[in-house]
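Contents: one structure, followed by commentary.
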Amino acid sequence: MSCRYTRFLKDFLESAEENFMLGYRVHYFLFTDHPEWVPNLILGAGRQLTKIKCPSSARWQEITSRRMEMIEKLIEERLLNEADFIFSLDVDTKFYGHWGAETLGNLIAVLHPGYFGSPRTAFPYERRSKSVAFIPPEEGDYYYGGAVIGGRVSSVHKLVKTCRQQLDADRANQIEAAWQEESHLNKYFLYNKPSKVLSPEYLWQDFKKKTSNMKVIRFSQVIKNYNEVRPNK
Ligand SMILES: CC(=O)N[C@H]1[C@@H](OP(=O)(O)OP(=O)(O)OC[C@H]2O[C@@H](n3ccc(=O)[nH]c3=O)[C@H](O)[C@@H]2O)O[C@H](CO)[C@H](O)[C@@H]1O
Ligand SMILES: [Mn+2]
(Lines of atoms letter the chains of each structure in order from A and count residues from 1; the text may use other names and numbers.)
(Lines give C-alpha, C1' and ligand atoms only; values in the text may rest on other atoms or scores of the structure.)
(Ligands and ions follow the chains in the order given, each with its own letter.)
Protein backbone atom coordinates (compact mmCIF):
# COMPACT_ATOMS: atom_id res chain seq x y z
CA MET A 1 0.00 0.00 0.00
CA SER A 2 1.30 3.42 -0.91
CA CYS A 3 1.13 6.40 1.48
CA ARG A 4 -2.13 7.86 0.21
CA TYR A 5 -3.87 4.51 0.69
CA THR A 6 -3.15 4.52 4.45
CA ARG A 7 -6.34 6.60 4.85
CA PHE A 8 -8.31 3.40 4.24
CA LEU A 9 -6.55 1.39 6.93
CA LYS A 10 -8.47 2.41 10.04
CA ASP A 11 -11.89 1.44 8.65
CA PHE A 12 -10.46 -1.69 7.05
CA LEU A 13 -8.89 -2.91 10.29
CA GLU A 14 -11.69 -1.84 12.63
CA SER A 15 -14.30 -3.52 10.47
CA ALA A 16 -12.10 -6.63 10.09
CA GLU A 17 -11.87 -6.84 13.86
CA GLU A 18 -15.68 -6.96 13.99
CA ASN A 19 -16.27 -9.35 11.09
CA PHE A 20 -13.24 -11.22 9.77
CA MET A 21 -12.52 -14.72 11.06
CA LEU A 22 -13.78 -14.09 14.59
CA GLY A 23 -12.77 -16.85 16.97
CA TYR A 24 -9.67 -17.83 14.95
CA ARG A 25 -6.04 -16.78 15.20
CA VAL A 26 -5.51 -13.93 12.74
CA HIS A 27 -2.21 -12.34 11.78
CA TYR A 28 -2.46 -9.26 9.57
CA PHE A 29 0.58 -8.48 7.42
CA LEU A 30 0.49 -4.94 6.06
CA PHE A 31 2.73 -4.05 3.16
CA THR A 32 3.38 -0.33 3.20
CA ASP A 33 5.98 2.21 2.10
CA HIS A 34 5.15 4.24 5.25
CA PRO A 35 4.95 1.91 8.27
CA GLU A 36 4.93 4.91 10.62
CA TRP A 37 1.55 5.96 9.23
CA VAL A 38 -0.20 2.76 10.23
CA PRO A 39 -2.68 3.59 13.02
CA ASN A 40 -2.20 1.88 16.36
CA LEU A 41 -5.24 -0.22 17.09
CA ILE A 42 -5.93 -2.54 19.95
CA LEU A 43 -6.63 -5.92 18.42
CA GLY A 44 -8.78 -8.70 19.81
CA ALA A 45 -7.38 -11.74 21.61
CA GLY A 46 -5.37 -14.03 19.35
CA ARG A 47 -4.99 -11.34 16.71
CA GLN A 48 -1.82 -9.50 15.77
CA LEU A 49 -0.43 -7.20 13.11
CA THR A 50 2.97 -6.98 11.43
CA LYS A 51 4.01 -4.12 9.18
CA ILE A 52 6.29 -4.91 6.27
CA LYS A 53 8.11 -2.06 4.60
CA CYS A 54 7.95 -2.17 0.82
CA PRO A 55 9.41 0.17 -1.80
CA SER A 56 7.43 3.17 -3.06
CA SER A 57 6.52 3.41 -6.69
CA ALA A 58 5.50 6.27 -8.94
CA ARG A 59 3.05 4.02 -10.84
CA TRP A 60 -0.10 2.52 -9.29
CA GLN A 61 0.03 -0.30 -11.84
CA GLU A 62 3.36 -1.29 -10.34
CA ILE A 63 2.14 -1.04 -6.73
CA THR A 64 -0.81 -3.35 -7.25
CA SER A 65 1.18 -5.82 -9.43
CA ARG A 66 4.03 -6.16 -6.95
CA ARG A 67 1.70 -7.79 -4.44
CA MET A 68 2.35 -11.13 -6.11
CA GLU A 69 6.07 -11.12 -5.34
CA MET A 70 5.55 -9.64 -1.86
CA ILE A 71 3.16 -12.44 -0.94
CA GLU A 72 5.48 -15.01 -2.52
CA LYS A 73 8.34 -13.82 -0.33
CA LEU A 74 6.23 -13.59 2.82
CA ILE A 75 5.01 -17.16 2.33
CA GLU A 76 8.52 -18.48 1.74
CA GLU A 77 10.06 -16.62 4.66
CA ARG A 78 7.36 -17.18 7.27
CA LEU A 79 3.95 -18.49 6.45
CA LEU A 80 4.73 -22.02 5.29
CA ASN A 81 5.55 -22.80 8.92
CA GLU A 82 3.19 -20.38 10.64
CA ALA A 83 -0.19 -20.48 8.95
CA ASP A 84 -2.73 -22.82 7.37
CA PHE A 85 -4.63 -20.31 5.24
CA ILE A 86 -3.91 -16.91 3.74
CA PHE A 87 -6.06 -14.14 2.25
CA SER A 88 -4.71 -11.25 0.22
CA LEU A 89 -7.11 -8.31 0.43
CA ASP A 90 -7.22 -4.82 -1.07
CA VAL A 91 -6.98 -2.15 1.62
CA ASP A 92 -9.45 0.33 0.09
CA THR A 93 -12.22 -1.81 1.51
CA LYS A 94 -14.51 -2.34 4.46
CA PHE A 95 -16.23 -5.32 6.05
CA TYR A 96 -19.97 -4.95 6.55
CA GLY A 97 -20.84 -8.52 7.53
CA HIS A 98 -19.59 -11.85 8.78
CA TRP A 99 -16.60 -13.42 6.95
CA GLY A 100 -15.70 -16.74 8.52
CA ALA A 101 -14.66 -20.35 8.02
CA GLU A 102 -17.15 -20.80 5.15
CA THR A 103 -14.57 -18.99 2.98
CA LEU A 104 -11.76 -21.49 3.64
CA GLY A 105 -10.59 -23.98 1.05
CA ASN A 106 -7.66 -25.03 -1.07
CA LEU A 107 -7.85 -22.18 -3.60
CA ILE A 108 -10.36 -19.36 -3.23
CA ALA A 109 -11.50 -16.88 -5.89
CA VAL A 110 -14.25 -14.29 -5.84
CA LEU A 111 -16.51 -13.20 -8.69
CA HIS A 112 -15.72 -9.62 -9.65
CA PRO A 113 -18.80 -7.53 -8.74
CA GLY A 114 -18.66 -5.68 -12.05
CA TYR A 115 -18.93 -8.74 -14.29
CA PHE A 116 -21.01 -11.47 -12.68
CA GLY A 117 -23.89 -12.27 -14.97
CA SER A 118 -22.08 -10.69 -17.93
CA PRO A 119 -21.38 -12.83 -20.99
CA ARG A 120 -17.83 -14.09 -21.42
CA THR A 121 -17.26 -11.73 -24.36
CA ALA A 122 -17.67 -8.78 -21.97
CA PHE A 123 -14.99 -9.97 -19.52
CA PRO A 124 -11.96 -7.63 -19.50
CA TYR A 125 -9.45 -10.49 -19.90
CA GLU A 126 -6.14 -9.69 -21.57
CA ARG A 127 -6.86 -10.14 -25.30
CA ARG A 128 -3.41 -9.48 -26.80
CA SER A 129 -1.55 -12.71 -27.48
CA LYS A 130 1.78 -10.99 -26.78
CA SER A 131 0.97 -11.05 -23.04
CA VAL A 132 1.27 -14.25 -21.01
CA ALA A 133 -2.10 -13.29 -19.47
CA PHE A 134 -3.78 -13.73 -22.90
CA ILE A 135 -7.07 -15.63 -22.86
CA PRO A 136 -8.64 -16.50 -26.25
CA PRO A 137 -12.23 -15.33 -26.83
CA GLU A 138 -13.73 -18.81 -26.55
CA GLU A 139 -12.14 -19.58 -23.18
CA GLY A 140 -12.64 -18.52 -19.55
CA ASP A 141 -15.21 -19.40 -16.89
CA TYR A 142 -15.73 -16.24 -14.87
CA TYR A 143 -14.05 -12.89 -14.36
CA TYR A 144 -12.46 -12.97 -10.92
CA GLY A 145 -11.59 -9.92 -8.82
CA GLY A 146 -7.98 -9.25 -7.88
CA ALA A 147 -8.90 -7.71 -4.54
CA VAL A 148 -9.42 -11.11 -2.87
CA ILE A 149 -7.15 -14.12 -3.28
CA GLY A 150 -7.08 -16.91 -0.74
CA GLY A 151 -6.59 -20.51 0.19
CA ARG A 152 -4.12 -22.93 1.72
CA VAL A 153 -0.71 -21.34 2.05
CA SER A 154 0.98 -23.84 -0.30
CA SER A 155 -1.69 -23.39 -3.01
CA VAL A 156 -1.54 -19.60 -2.82
CA HIS A 157 2.24 -19.84 -2.98
CA LYS A 158 2.00 -21.70 -6.27
CA LEU A 159 -0.45 -19.09 -7.57
CA VAL A 160 1.55 -15.99 -6.60
CA LYS A 161 4.81 -17.51 -7.82
CA THR A 162 3.31 -18.34 -11.21
CA CYS A 163 1.70 -14.91 -11.54
CA ARG A 164 4.97 -13.22 -10.52
CA GLN A 165 6.82 -15.19 -13.20
CA GLN A 166 4.18 -14.22 -15.77
CA LEU A 167 4.43 -10.55 -14.75
CA ASP A 168 8.25 -10.75 -15.10
CA ALA A 169 7.93 -12.29 -18.56
CA ASP A 170 5.52 -9.55 -19.66
CA ARG A 171 7.80 -6.86 -18.24
CA ALA A 172 10.74 -8.30 -20.20
CA ASN A 173 8.54 -8.16 -23.31
CA GLN A 174 7.46 -4.60 -22.52
CA ILE A 175 3.80 -5.39 -22.25
CA GLU A 176 1.51 -4.73 -19.29
CA ALA A 177 -1.70 -6.75 -19.11
CA ALA A 178 -5.01 -4.90 -19.25
CA TRP A 179 -5.65 -5.21 -15.49
CA GLN A 180 -2.14 -5.97 -14.33
CA GLU A 181 -1.95 -8.82 -11.79
CA GLU A 182 -5.71 -9.34 -11.99
CA SER A 183 -5.31 -10.37 -15.65
CA HIS A 184 -2.60 -12.85 -14.69
CA LEU A 185 -4.74 -14.16 -11.86
CA ASN A 186 -7.59 -14.80 -14.29
CA LYS A 187 -5.20 -16.62 -16.60
CA TYR A 188 -3.98 -18.75 -13.69
CA PHE A 189 -7.56 -19.72 -12.73
CA LEU A 190 -8.27 -20.79 -16.31
CA TYR A 191 -5.84 -23.71 -15.89
CA ASN A 192 -5.91 -24.08 -12.11
CA LYS A 193 -9.56 -23.97 -11.16
CA PRO A 194 -10.37 -22.50 -7.76
CA SER A 195 -11.75 -25.08 -5.33
CA LYS A 196 -14.29 -22.53 -4.11
CA VAL A 197 -15.72 -19.46 -5.80
CA LEU A 198 -17.13 -16.80 -3.48
CA SER A 199 -20.08 -14.73 -4.61
CA PRO A 200 -19.84 -10.91 -4.90
CA GLU A 201 -21.19 -10.81 -1.32
CA TYR A 202 -17.49 -11.13 -0.54
CA LEU A 203 -16.37 -8.36 -2.90
CA TRP A 204 -18.84 -5.60 -3.57
CA GLN A 205 -18.31 -1.95 -4.50
CA ASP A 206 -19.93 0.77 -2.38
CA PHE A 207 -20.91 2.79 -5.43
CA LYS A 208 -23.02 -0.12 -6.77
CA LYS A 209 -26.64 -0.34 -5.69
CA LYS A 210 -27.33 -3.65 -3.94
CA THR A 211 -29.08 -5.93 -6.42
CA SER A 212 -32.07 -8.06 -5.38
CA ASN A 213 -30.09 -11.34 -5.63
CA MET A 214 -27.55 -10.02 -3.14
CA LYS A 215 -28.77 -10.99 0.33
CA VAL A 216 -25.96 -9.44 2.33
CA ILE A 217 -22.85 -7.42 1.49
CA ARG A 218 -19.93 -8.66 3.57
CA PHE A 219 -16.91 -6.89 2.09
CA SER A 220 -16.86 -3.95 -0.25
CA GLN A 221 -14.56 -1.53 -2.02
CA VAL A 222 -15.11 1.93 -0.59
CA ILE A 223 -15.61 4.94 -2.84
CA LYS A 224 -12.35 6.69 -3.61
CA ASN A 225 -11.19 9.62 -5.65
CA TYR A 226 -8.68 7.99 -7.98
CA ASN A 227 -6.95 11.29 -8.80
CA GLU A 228 -6.44 12.00 -5.13
CA VAL A 229 -5.09 8.63 -3.97
CA ARG A 230 -3.03 7.37 -6.89
CA PRO A 231 0.42 8.67 -7.85
CA ASN A 232 -0.33 8.64 -11.60
CA LYS A 233 -3.20 8.28 -14.09
C1 LIG B 1 -12.68 -5.16 -7.25
C2 LIG B 1 -11.30 -5.53 -7.66
O3 LIG B 1 -10.99 -6.68 -7.75
N4 LIG B 1 -10.48 -4.49 -7.92
C5 LIG B 1 -9.18 -4.58 -8.60
C6 LIG B 1 -9.01 -3.38 -9.43
O7 LIG B 1 -9.32 -2.07 -8.95
P8 LIG B 1 -9.17 -1.10 -7.71
O9 LIG B 1 -9.68 0.20 -8.15
O10 LIG B 1 -9.79 -1.62 -6.49
O11 LIG B 1 -7.58 -0.98 -7.50
P12 LIG B 1 -6.88 -0.31 -6.26
O13 LIG B 1 -6.66 1.14 -6.54
O14 LIG B 1 -7.61 -0.61 -5.02
O15 LIG B 1 -5.47 -1.04 -6.23
C16 LIG B 1 -5.30 -2.32 -5.63
C17 LIG B 1 -4.50 -2.24 -4.31
O18 LIG B 1 -3.16 -1.84 -4.59
C19 LIG B 1 -2.68 -0.94 -3.61
N20 LIG B 1 -2.43 0.39 -4.22
C21 LIG B 1 -2.89 0.68 -5.47
C22 LIG B 1 -2.63 1.92 -6.04
C23 LIG B 1 -1.89 2.89 -5.32
O24 LIG B 1 -1.64 4.01 -5.76
N25 LIG B 1 -1.46 2.56 -4.09
C26 LIG B 1 -1.72 1.36 -3.51
O27 LIG B 1 -1.31 1.12 -2.39
C28 LIG B 1 -3.73 -0.90 -2.51
O29 LIG B 1 -3.45 -1.88 -1.55
C30 LIG B 1 -4.99 -1.23 -3.28
O31 LIG B 1 -6.00 -1.72 -2.42
O32 LIG B 1 -7.82 -3.47 -10.20
C33 LIG B 1 -6.62 -3.66 -9.51
C34 LIG B 1 -5.53 -3.94 -10.53
O35 LIG B 1 -5.48 -2.94 -11.48
C36 LIG B 1 -6.70 -4.80 -8.53
O37 LIG B 1 -6.71 -6.03 -9.21
C38 LIG B 1 -7.94 -4.65 -7.70
O39 LIG B 1 -8.02 -5.65 -6.78
MN1 LIG C 1 -9.26 -1.76 -4.45
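Glycine is no exception: its Cβ is also placed from the backbone N, Cα and C atoms.
The feature active site, nucleophile is assigned by TrEMBL to Glu182. For the recorded site, Glu182 (active site, nucleophile), the DSSP three-state label reads helix.
What TrEMBL records for Tyr5, Asp90, Val91, Asp92 is UDP-N-acetyl-alpha-D-galactosamine binding site. Annotation for Val91 (UDP-N-acetyl-alpha-D-galactosamine binding site): same-chain Cβ neighbours under 8 Å, separated by at least 6 residues, are Met1, Tyr5, Phe8, Leu9, Phe12, Leu30.
Secondary structure at Asp92 (UDP-N-acetyl-alpha-D-galactosamine binding site), taken from DSSP and collapsed to helix, strand or coil, is coil. Around the Cβ of Asp92 (UDP-N-acetyl-alpha-D-galactosamine binding site), 20 further Cβ atoms fall within 10 Å across all displayed protein chains. Under the heading Mn(2+) binding site, TrEMBL lists Asp90, Asp92.
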Glu182 (active site, nucleophile) versus Asp92 (UDP-N-acetyl-alpha-D-galactosamine binding site) - Cα distance in angstrom: 16
Environment of Tyr5, Asp90, Val91, Asp92, the listed UDP-N-acetyl-alpha-D-galactosamine site - residues of the same chain whose CB lies within 8 A of the CB centroid: Met1, Phe8, Phe12, Thr93
